[in-house]
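> Straight from Swiss-Prot, here's the annotation block:
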SIGNAL    1-26  signal peptide
DISULFID  CYS30-CYS46  disulfide bond
DISULFID  CYS36-CYS51  disulfide bond
DISULFID  CYS40-CYS53  disulfide bond
Amino acid sequence: MKTIIVLLLLTIVAAAVVESSPKARRQTECQIKNDCQRYCQSVKECKYGKCYCNYAG
């Protein structure tokens, strides 16, 4: 039982580290809408530091 709990905690910690890695954040980080043009063909908005793109469909 302790082994399962330890493995679960390690998985959660590993996921948190990967999510907060600088490279992952750098990919869509923005201050203004124009910062998103290198990530999106059609920029929807920059909100809370994240780029949102318009997708055809």
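Quick reminder: no glycine exception, Cβ is built from N, Cα and C everywhere.
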> What does DSSP call CYS40 (disulfide bond) in the simple three-state scheme?
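For CYS40 (disulfide bond) - judged by DSSP and reduced to three states - the answer is coil.
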> If one looks at the chain holding CYS30 (disulfide bond), which residues at least 6 apart in sequence have a CB under 8 angstroms from its CB?
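For CYS30 (disulfide bond), the qualifying residues are CYS36, CYS46, GLY49, LYS50, CYS51.
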> List the residues of the same chain that sit at least 6 positions away from CYS40 (disulfide bond) in sequence and have their Cβ under 8 Å from its Cβ, in sequence order, or write 'none'.
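Long-range Cβ contacts: CYS51, TYR52, CYS53, ASN54.
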> Just name the most isolated of the disulfide-bonded residues CYS36, CYS46, CYS51, CYS53, going by other Cβ atoms within 10 Å of its Cβ.
CYS53
